[in-house]
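Listed in Swiss-Prot for this protein:
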TRANSMEM  17-37  transmembrane segment
TRANSMEM  59-79  transmembrane segment
TRANSMEM  95-115  transmembrane segment
TRANSMEM  125-145  transmembrane segment
TRANSMEM  154-174  transmembrane segment
TRANSMEM  179-199  transmembrane segment
TRANSMEM  213-233  transmembrane segment
TRANSMEM  262-282  transmembrane segment
TRANSMEM  288-308  transmembrane segment
TRANSMEM  331-351  transmembrane segment
TRANSMEM  364-384  transmembrane segment
Amino acid sequence: MVQKIKAFLSQESSGGILLMLAVAMAMLLANSPLAGLYQGFLDTPVQVRFGQLDINKPLLLWVNDGLMALFFLLIGLEVKRELVEGALSSVSKASLPTFAAIGGMVFPALVYLGFNFGNEATQNGWAIPAATDIAFALGVLALLGNRVPVALKVFLLALAIIDDIGVIVIIALFYSSDLSITSLVIAAIAIGSMVILNLKGVRTLTPYALLGLLLWIAVLKSGVHATLAGVVIAFCIPLKVKPGEESPSRYLEHSLHPWSTFMILPLFAFANAGLSLSGMSLASLAEPAALGVMLGLLLGKPLGVLLFSYAAVKLKWASLPQGVNWQQISAVAVLCGVGFTMSIFISSLAFEHSAVDVGNYARLGTLVGSMLSASIAYFWLTKVLNDDKGETDENKNS
């Protein structure tokens, strides 16, 4: 039994499967006689006091502001590594996924605004369909096994990382509330201290962890969303070291990855995906927020990714990865419409102070759009890869 669990956890698809199970469990509880218990659990107040410092939030916000800061720390570490020595370390490597990611953010936002522009209650959610859930998307890709070209996986990963950078910028610029200058000054001091530690060659993680905690608290109190602290911390932690030394950034990334995959993201999905369908029907998908998010993910994402990629290649600003064709790019473009945890997260920011119905409709659009995108992409990519394999076998026999 233990061996079977270890084998499951070692599979690339395990993270995506756990996310699906977490979403299913949340939906089941939210629409069962246990709905009150589920909501009460999320509303449980959790208070931390240390002298004059007082942080008092419901459990749901500890998940969204605290655990997701660790997730964004992991994203920051991955982005930094890819920028320095990975899939984004040169113009030639980064050009195609960069154009694809830009298109994949612009088009969904335009589709959403097409249904919600001028609607004060809903137009603030324009960024919801701009996000891609990389864990879920890679999980779907992993279900296809070794048939998926490595270059196609790298393209999706690079695209999603650039997409994450875009989401980080969007959160910082558009979803920050009234700012506290005192807290921002403390945050700046913490950042400056970590930069100095890096420049002085300090490779021990403990001082970065202590200053990172101070930064998270300061950002939490500043009005800027606390998850951004994770990204800043990641960029301050040293990546390059002398030969024979262990990279603190790589060590932390490796250590955080299983926690993110098997605890943070499933817990976030469980806490945020519990949408009560009471009073909802198929007609609810026609609500502006639901329709904008659903079609933004289902149509806007693939159109943006594909059109911007095609234009970049035709204009010779980028080139297709070796061994990858347009059919495969098209299927992956649809897969980018899997927004799930990232879209739900942005929804929680966009409609934090709005009527409950608006946030619920946005989550409904996210769940339906993401599931349809994942299903279509899986079957499309299966067909494309089978066709490619058939052509390869024919060429070998001829």
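Just so it is clear, glycine is given a Cβ too, placed from its N, Cα and C backbone atoms.
At the 8 Å Cβ threshold, with sequence separation of at least 6, the transmembrane segment (213-233) comes into contact with the transmembrane segment (59-79) through 3 or more pairs.
Between the transmembrane segment (262-282) and the stretches 17-37, 95-115, 179-199, 288-308, 331-351, Cβ pairs under 8 Å are most numerous for 17-37. For the transmembrane segment (331-351), same-chain residues at least 6 beyond its ends with a Cβ under 8 Å from one of its own Cβ atoms are 19, 23, 64, 68, 100, 104, 124-125, 127-133, 135-137, 140-141, 152, 155-156, 159-160, 163-164, 167, 170-171, 175, 225, 265, 268-269, 272-273, 293, 297-298, 300-303, 305-306, 309, 358-359, 362-363, 366-367, 369-370, 372-374, 376-378, 380-381, 384. Stretch with the largest number of CB pairs closer than 8 A to the transmembrane segment (364-384), among 59-79, 95-115, 125-145, 179-199, 288-308: 288-308. With a cut-off of 8 Å between Cβ atoms, the residues of this chain six or more beyond the transmembrane segment (288-308) that come close are 99-116, 119, 122, 125-126, 128-130, 132, 159, 329-330, 332-334, 336-339, 343, 347, 358, 361-362, 364-366, 368-370, 372-373. Among residues of the same chain six or more beyond the transmembrane segment (59-79), those with a C-beta under 8 A of the stretch's C-beta atoms are 41-46, 88, 161, 164-165, 168, 212, 216, 220, 225-235, 237, 249, 252-253, 256-257, 259-260, 264-265, 267-268, 271-272, 345, 348.
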